[in-house]
Structures are given as structure tokens and as C-alpha cells.
Amino acid sequence: MSFFYSLFAPLIFLVTFIYNHVLLILFTVCIIGAAAFFVSYYLFGYSNTPSSASSSATPSSRNSPNKERSKKVPTILETDNEDDEIRVNGSPKSGTPTNTQTIEPPTSLNLNMVNSASGSNLSGARRMRKRDWAKKLYKSLVQDSPGRTPTDESSDEENANVVMGGGSVPRRRSKHGNSSRRRQSTAFQLAKDLIRRGSRSYFRQNQENNKDTRVRPPQEFFEPTDLPEIPQNLQPEIFYILHNLKMLELPSEWKLDPREIEVRSFQAGDYIVKPGESDDAIYVAIDGELTVHIRHMEGKEYLVKCIPAGGSFFSLLSMLDILMDFPSIFRTVALKAADPCRVAKFPITSFRESYHKNPEAWIRPIQIVITRLLHVTLTTLHQYMGLSSELMRRRRDDDRHRNGSSTSKLQLSLSLKKKEKPFNINDNEQDQLIVARKWMAEAFGLVADDVVSEQIGSKIHLESYEAGHVIIEQGAEEEVLMMVLHGNLILAQYGSDFFAQIERESLFDEENNEEDESAVIRVTARELVGGLQILTNEPSFYTIRAAVQTRVAIMKKKDFSAFLEAHPEIYLPVAHSVLRRLSPFLRGVDFALDWVLVDSGHACYRAGDMADSLFVVLSGRLRSVEKKTVVEEFGRGDVLGMMEVLTKKPRATTVLAVRFSQLARVPEGLLNFIKMQYPQVGFRLVQLLGQYYSQTNRRAPFAAPTVIRTNELGATDPMSHIKNLHTIAVVPASPDVPLVPFTCELYHALSSNLRVLRLSSQKVAACLDPSVLEKQADFRLMHWLNVQEDTYPLVIYECDFTQTNWTRRCLRQADAILVVAIGGKTPEKQTLMRELMNMNQDGVRTNKELILLWPESTKTPSGTIEWLKNSYFSGHHHIRAPKRMLQWNRKFRKMSRAEVMTPTSVENEVIEYYEKNVFWTPDRRSDFSRLARILTGNAIGLVLGGGGARGAAHVGVLRALREEGIPVDIVGGTSIGSLIGGLYAETPDDVVVETRAASWFNGMSSLWRKLLDLTYAHSAMFTGAQFNFSIKDLFEERLIEDLWISYFCISTDISTSEMRVHRSGPLWAYCRASMSLAGYLPPLCDPQDGHLLLDGGYVNNVPADVMRNLGARCVIACDVGSIEETNLYDYGDSLSGMWVLLKRLNPFGTPPRILNMEEIQSRLAYVSCVRQLEVVKKASYCRYLRPPIEPFKTLDFPKFQEIMELGLKYGREACHELITNDRAGILGDEKETRKFKRQQSRREKPDVSRAVSFTDLAAAMSKIPVVRPTLRHSMSLNPSANGPVGRAGDHFLLDDDLFNDTDYYEEESSQSENGNESFTEDEDLVIGPPSSSSSGGNVSENPRGTTPRPPSS
């Protein structure tokens, strides 16, 4: 037996070895076979048998003569692309010369080459032909290789030119070139390239698909349009005058008479307008530059504004004086020529003639003037500069001019005032009503006959108020017109901290919390109050309070409108009653404060322009762009260009109008002048500056630059640009979209925390008139919509299903456009939105959000990329549509297409259903509520940090958030947080997340997977294949675009050394990149650009700042990272490794805590992350959570349940505390949410140098420029010195003075009406120290225009 065993032992061992290593043997055989194939293929070809030779030669013998074949073999040897040479040169075209030099063998030899299978020449030809075929295959494989050099490309081009150029001489290889080419074409090189290229085939294909699927924004999205040129049929002066008067919307009856235009030329320094001249014309600069100055005592002049060519010098308030026949003159305002220029002067006295002919036609222009006064002048000076009482004329100065009128009828009534019986509070109510009628008629400029008295008496009622009673609160919308009959009222304003009143987040909260109410003006008997509110339809600008026991006559808005229809001439006296209370200071400032109207696409300013003014957005929307990249967007209430004005730097970005916008322009000279006149303005501006610098959504100066995927399309992430929205247009993508139910659902979700108005064509036609929808631009409709936008914080415009005038109007009015589509259907080739964009430019620059509606039973969305690749969308949202939205679909199916496009009856039914059943049951966790919070800037973001197995605590925190009713609108994470966040974004159900996360943690606990994934540690210990398989099995091929909730994850790009924020692409790949710990897993090659990505924890382990930049107002950050020990051993300035080793080996001592090389490298890698985390902890927007997970290690994946329960316990306590301490009511229940008002936009301003500190900017803001005042005519007008006139450094110091520089002229007959007060010249002071001004406005000026006398000492 031993003999047989020893005989067959090797055989038994061989069989056993083969049986146990079948795969290894097969792999070895395949490798050897492949190598043998390439070697034999390169050296000998496939075969040398006669049959193969015959088969190879037969096609040639059939297709061409023997003589032709004899020429082909040498030709193949001389060119690089022999097949093409055979095809082109083998049968040369007629008339094409050929210079190919070949040696023709004898014919007998050619026959032998064809018929003999053993001929050596034919065998060599075959080998060369096959070798060249392999070369061609190799070139086709590597032609797209990124490693190709320009030399290779040029060689290919030369070869193509040689081959395809008919009749050209084939290029012969040089000796060196041939050897070099042979080395690159070896079989081993081919195999190497096949392996290398094949391993990247998936990622290359993915990259090409991603580049093709995303649509770039249109060119108009970033670049402003050019200004319109002057029509050739119009003279420049006519064009400029009409352009500057366009904002008034003058009646069609008024026509411009070119004969009234006077054009004059001026030299530099010449006066165009001097103090004392009449203010009854508009001045327009045809060419050159003009400067506006304020003239003071002793001939001092102060530059406050520069007017370029095309600009105008005119105050709209002066127009009311002219219409009221009040002589208006310039007090101290002067206009001078900075350069040699031409100026057009147009007298506006023709306005008065047109007004007297048709007062009703001038109601709209008068309303525009009063609205401009409120929106531009009063709002800017009060809310942004902190002025209140300075804006109104003081009582002792105003007493003389109350009830002043210019009409002859009213003058007659004023002359009889002293003979009238005064109002007696003890009279009966009927006698009081008679007096009230008469006084009200006089205030309206009417004759108090029986008819007028009867009409007024039916529309007014009398009320009595005790002292201190508040009649109307500031900001109230109660529109009434009141006349004081007895006693007096006080108009007061609260503190001017605009942002603190709205958001209560001011830098000086302690001061703003105190009630700061200041009395502005006192209103006495026979004066009107409330005209500003009733004419503009705006909330009250003042708080009206009774100073003593007061008796007033009140006319409500509807009664005033009815009386106005009968007597349209009363509109002007009511407007002038507002004008008479304005202080001389405000009337002077009005000349320098510009009302800028910017149409869609036009630039407010461009990059590189001098920053000589700041802008306040009154309405509309603007976008700041830089190098085809969106920096930010501005909405109502935002301030533009303040930082650049302070730092005196050119504009860093270009700001263009997204839609028609109105702005208030404050020149730098005017800003400095106001600070000199009222130094407290400087403190207010410092406070405003501090509000911008205290914003927590500013990027930290040390933060790594973020690369968001939409940057490749020329824009930053759009979610941060949809804040501060005031108007939203909803456009259906197809006729089957339930548009009316969608707008009702959105209205329901938005109305939980602010007032919302939903407008459709049907509702507008019912409120106004169906005829307003027939015109493309109806002024009545435009004004009505503007009033609604001023009244309601948010307006939803519901578009029609077709291209109607109403649809175009909605797009023009919209700050953002929501394109609603059915998610389960493929996008149509021609949608309504695309048709609208092709037909006109309305809304082409507006951010468009794609809304995909899905049935409630949908598990996960899919196919989102098909929608995104057809049209450009700045963002997308997935919404589960409740079943109630689809209950009207059957009715739509029964209707014709025309009936579907105008669903009037169905709309009424839908609205009625929602009003009865839906509007009273808010649901904060619905998808519509999530969309509403994102649109209003109140999104709640959840950030999950990295920490390995400790990330199981995130699952517990998610369950705690759900139990406490805290919704999550955006999810982001790093490392393990990206995986848990991806699970929640894919399925927003904490139970499902827990199940799937537990399964993945269980797989990560397997030791065999780790052993099978081990490899030679060149880049990492593991290949990453098993880890990739586990994540792929979890997410499959899900894309980030197909997640229910907006999601991002963080990775570290070691190719460019920056942080990457991923918001699109394959979910598993970027989760894998975010979890790739260096040394354990190799970096992931980005599927889009091939960059190497590692764990995001190296740069930002808790990306709360990224979440804030994406638009989240409240960020809940859960940190599960390890805490590094800081109590280390102090070993001095040198360290011996042997000493440390001996200390650790000593069993009787405690080893010192000294970092080894691996720990030092790890801490260096996390330096920026640790610093970022400290900033996040201190941020006011961040709610920082840290479960007690210190006992657990990074790789404790088997302890999932234990860690999760710990996170759940901690999360319940933390969430309860968050809701308790949430003063803003963002995280609380519905009742708390209703107390919250929408956040106003206070985003960061365009980038300025970070070297400029807040202290430097505050000093620049509050600094009063010290300049040397000069006498008139001595001002330097050289624009080459320190820039154009009117820029920084060209202003003049203003001494305290009586600021009587308005165009205000009062009737002398109105002085001391009741005879109960006496005035002297010294008492007629409004602002500043005593001066020589006399009473009555115009009396203080010399009628001849001479220099005013100096003030008395």
C-alpha cells in the first residue's frame, strides 16, 4: 500500500490542488492565452496555412487586376492609414495625378504571390496588414484619451490630410519616427490601454450624460441689455424730456409742444438755476454733466448730486404747487454746469391748463407724486436714516399756513373766516355737523353751497376722543380722512429701526425693545389728516393720537371714493394738504433723491462703475452677477452698493433688474450732507451697517470655497436666491395639471404665517372689469396690482393655460415662477413656458422652480433628469398631491380643450370646497408646507455630522424630531451623516430609515467582507469594492435629483484642495465619496469631472454654514464626531522616542499622553474642520445637538441599536428644549407659527475686501467729511482731479443753518387765522439755529435773488 501511495501521491496532490484552485488556474490560463494571442498576432498573424492565405488573397484578386495588386503592397508600407490609402489611391479618380513611386515586380512573381501559400513575401504582407489593422484599432480606442499630446493630434491631422487629399504624395516615415511609432504600438501597450480605458468606461459615460442633461441658463440671465438708443425721428431734447416724464403717466389729452423747449449752452461753472428763480420747469442735460448744490449763508455751496447726460433736474412735489397755482421758487438749491454742456428747459405750466380742463385725468399723476413721496422720500429718510420729526414742518410755522388755498373761491372763504362763528363743543350735534360740512368743503376747495353741504353731510360722521386715545396705529390699514373740529391731534412715529420692528433681530435689541415714540407734528382745528394714507392706499405712516379732548369729522375710504367721482377736483387739495406739512429740509432733499425705474434686463449699475450712490429697493427684484455667476438677488427693502460707497471702490458686480423695479437712489453727496445736517443719521447708518455684518449667513473669512454643482451652469445654488419673495407666478406645464387646486393648496400652506393674496384672471375680472385683461398694458390693472403687492406680503399669480395678456402680466410681475407638472409623465416637447419664452422676454430672467406632482402612493420619484434636461430650472421640488386635488379631474376629462383652458365654473367649485374643508386645518408636515417655508425663507435645515458608527444616533434624533412635530425641509450631511441624510431624503419616514440603516450597519459589522476587501496598501488598505457594493445595494441607482427632500453632502476634493457640495448626480457615489476615510478607502473619482474625492469631514464635519447659505433660516446640527483630548503631556522643546517607549513599557507608571505621528497627521487634517465647528456652535441660526456618544468608537457598527436608543433619548429632551426656547415660533406648533412673520431679506452684500473691518466701515459711515467751504464760483470743476465732480472728496462742509430751500410759497392771507397766536420773525424757525428767515417761506428770500443777509450774532 505504501508503494502505491508513494506512486500516486503526486497525482493525488495535483488533483486536490486543481480542485481547490480552479478559479486561479483558469485565470492563469486565460492570462497566458491572452499573452500568447497578442504575441502570435503581432509576430505571425492568425495562421500560415494555405487556406488562410487563399482566403486573404481572394478578395484582392477578384476586385482588382494583378498590376494593381502589385502597387498596393508597397503603398501600405509607406503610410499610416493603409486601408484609407487603398480605398482612395487604389482606384484614383480621373484627372488626379499620382506621384507614388513603387517598384513593380515581375508578373510571374505576382502570380506566384497569389497562388503560392508558402511565399515569404505574401506572408510578410499579411503580417503587415494585420499589424496595421491592430494599429488602427488602437488609434480608435485612444483617440479620446485625455493623455494624448498635441503632437499626436497634429500627427493624426497630417495623416488625414495626406490620405484624404486627392493626388497628394504619401508621407514616408523617418527612421527615428518609425522606431518611435513602433514602440507605441506594441501589443503590451495595447493591452494596457484596453485595461485602463475599460475601467473608466462607466464613469466616462456618466460624465458625458451629465454634461448633456443640464441646460444652461439663457444669456439674458446674466447679461443686461443695452439702453435704448434715441430714435432718429426725435431730437435728443424731446426724447429726454419725454423719458423723464414717462413715470408720471400723464393723461393723453396733454401733448408736448416742442416749441416750448428752450435749449441753451453753458460753460463749466456757469449757473443754470440760481436761488430765487421760479421753479416751474424741468431741466434736462443733453450732453455734459450738471451738478446740484445747496447754497447756504455767506455764499457757501455744497454739492449733493451729479446729473449725467439724459438726467433731469426737477422735483415732482413742485408739480402740485404749480397745479394749485402756488408760486414756487428755488430757495437755496442751485444747478451748475460741471462741463461745457447743453441743457434743455421745458416749462411745465402747460400742466396747469390741462388740469383745469380735465381734473379727473390728472388723478393718476397726482397719485404717483404722493406715492413717490411716501415710498421714496419718506421711507428712505425714516426707515434707513432714522429721521422722524425732521421730516415735518413744526407747528408754529405750520399754523400760519393751514387751510391755505389758491383758488379764488377758497380765498373768498378764507377772507371771511374771522367773521364766522367758531366751533363750539357745547353746541348740539346738528350745529356741529353744519360747521363740519362747511369746513370740509373749504378744505376741498369747494363752495359750501347747499348741494355740496348735503353731499358731504351724508358721507361724514362726528367722533369725540379723550386725551391720549390712539385713533390709528402706525402701520394700520384703516383708511379714513379726518378733519379736526375741536382740540388737536398728535402725529407720532415709533423708532425707525425698520429691521428690528419686523424681525426683532437688531444689533441693538436692548435699545429697540423700549418703546420709542416721538411726536412729529400737531394737527389743530380745520386741518385735514389722513390724506397720505387715503390717496396711496398704504398703511398709516404715523400713529394718530388725541392730545386733548378732541372732536373730529371722519370720512371713510368708500365715502371719499364716491364723493371723488362727483367732484374729481378735490383730489389735488387733499394731496396738497399733505405737501404743506413737509419740512423745508425734506423739500430740499427731494431734489437730490432720485426715483429710479429700471425695466427688466436693464442694469442698475455695472461692474467697474464708480460707487457714488447707494440704492434702496422699493419694489421689484434685482440680480447681482459677476462673470456669468449669480452672486445674490435683492428684493423689496434691500440696500444695494452701501459697502462699495463706504470703501470708495468701483462696483464689484453688475446689478440688473429681473423684472420691472423701483429704486431710491441716494447720492454719496446727499448722504454726507444729511449727516452734516443731522449727525444722528451717522449712528443710524452704523446700526444699519452692523445689521448686515451681524448676519449669520455670511461666509466666514476662513471658510473653504464651496463648489456647488450649479456653478458649472453659471449660477450658485438657487435656493438661496428665492428668499424675500413678494410675488409668485404659477404656470401649468400641461393642460392636465390641477392648477386651481394647486394654488389653493399653496395658499393654504403660505397663509399659516403671513397674509397671502391669490389672484387669477377670473378674480381680477370680478374685482375690476373684464376689459382690463384685453389690453397688453392696462394702467388701471398695473396700479391695482401694485397696490395689492404693497398691501399683501405675498401675492400668488395664477396664470392661464394659454398665452393670454394675463399670463404675460403674471410673468412680468413675478419674483419667482413655479412651473407645475405631473411627475409621472414625460415632459412635452413644447410646453406653455417654452412657448412664452419664445414669443416674448417676459420672465426670461426670473428664477423658475420646477414643481413635480406625484400621487400620495408614490414610493420614490423618478425621471426628474428628463425634465431638467429640456429646460433650465433654478431648482426643483417633489410634492405629494393629496387625493382631494384630483377629485375634479373627471370633470376636466369631460370638458373640451377650450373649456379646460378657462375653468371658471370649476374654479368656483374648487375655491368653495377649500374654504369649507381645508383652509382651517393646517398641516406643517405636508409637502406643500415644506414648499411654503422654502419660498418664504423659513426653511428648517437638518445637518448630520460624521462620526462613523456613532452616526446611528442620527436615526434616534430623526425619530425625536418626528415625535415633537418638527419638520425638516432640507437635509445635508458629511460622512455617515450623508448616508443617514440620504436615507431620510429618499424616504422621509423614520421607521423605514431605521430599518434600512440597521441593515447597512449589520453588513458593515461583517469581518469577512473586510478581509475579502483587503489589498496592497498603495493608496488604501481596502479596495473599496465591498464598501461600494453595500452602498449601491442600499441606494441602487438613485439620483440626488429624485429625492423627496432637498439634499446635499460634503466631500473633500484633493485634486483642487477645496470643499465640494454635491446636490446632483448619483446618490451612492457621492455618499461613498463623503465617507471615504483616507488610508482605509481609496479616493473616489468624481463621475462628472474625474476629481479625487475623500471624506468631507476633513474640511467641514458639521456643514451648518453650507445649509445656511442654501436658504435655511433655522439649522439643526447634530454632531457625533469624536472629541480630541487636549490635556497632553508637556515634554518641553525636545522629545526622545526611546524615552516614550520605556515609559509605556514600565508597568509601575502611567504612560504620558504624547501624540504619535499618525495622531499628529490626523489632527492636522482636521484643523479647518475643528475651527469651522467652533463657529457653527456660536452661530445664532444654529441649534447645536450633541448626543452623549463618547463611549462608542468609530467602528462600533455592531452596537447600532444601543447607539440609536441613546440618540433617541437625547433627541427627545433636546427637541423639547428647542421648542421651549424658540421665540420666533419656527419650530413650534401651528399656533406659535401664526405669530411669526416672514423673514426679511438681509443677505450678504457683494464681496468687498475682507481686510476692511467693521470698525473701519463704521468709522467711514459715521464720519462727517471735513472739507474747505468755498464761495460761489470758486468750486473746482476739473473732473480729472479725484474723479468726476460730485464724488467723494468734492463735498463742502455745511454750517448749521435754517434750511429753507424748498419751493414753498404760502398766501399771506392765511396768517394767524384764529388770532389766538402771535408770531415774530425770530420765532419762525424750523430747523437749525436762529437765522434771518422771516415767516411765510418765501419772505425769507430776497425776491430779486440777491445774496441772503448773514445771520445776526
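Heads up, the Cβ atoms here are built off N, Cα and C, so glycines get one too.
Swiss-Prot annotations:
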type	residues	note
TRANSMEM	12-32	transmembrane segment
BINDING	245-372	nucleoside 3',5'-cyclic phosphate 1 binding site
DOMAIN	942-1108	domain 'PNPLA'
ACT_SITE	SER975	active site, nucleophile
ALA309 (nucleoside 3',5'-cyclic phosphate 1 binding site) and SER975 (active site, nucleophile), Cα-Cα, nearest whole angstrom: 59
Mean per-residue pLDDT computed across the domain 'PNPLA' (942-1108): 90
Intrachain C-beta neighbours of ALA309 (nucleoside 3',5'-cyclic phosphate 1 binding site), sequence separation six or more, cut-off 8 angstroms: ALA285, ILE286, ASP287, GLY288, GLU289, CYS341
Reduced DSSP assignment, GLU277 (nucleoside 3',5'-cyclic phosphate 1 binding site): coil
Per DSSP, three-state class assigned to LYS357 (nucleoside 3',5'-cyclic phosphate 1 binding site): helix
Which of GLU277, ASP325, the listed binding-site residues, has fewest other Cβ atoms within 10 Å: ASP325
Packing count at the residue listed as 'active site, nucleophile' (other Cβ atoms within 10 Å of its Cβ): 29
Secondary-structure category, per DSSP, in which HIS293 (nucleoside 3',5'-cyclic phosphate 1 binding site) falls: strand
Where ALA309 (nucleoside 3',5'-cyclic phosphate 1 binding site) falls in three-state DSSP terms: coil
Binding-site residues (HIS293, LYS357), the one with most neighbouring Cβ atoms at 10 Å: HIS293
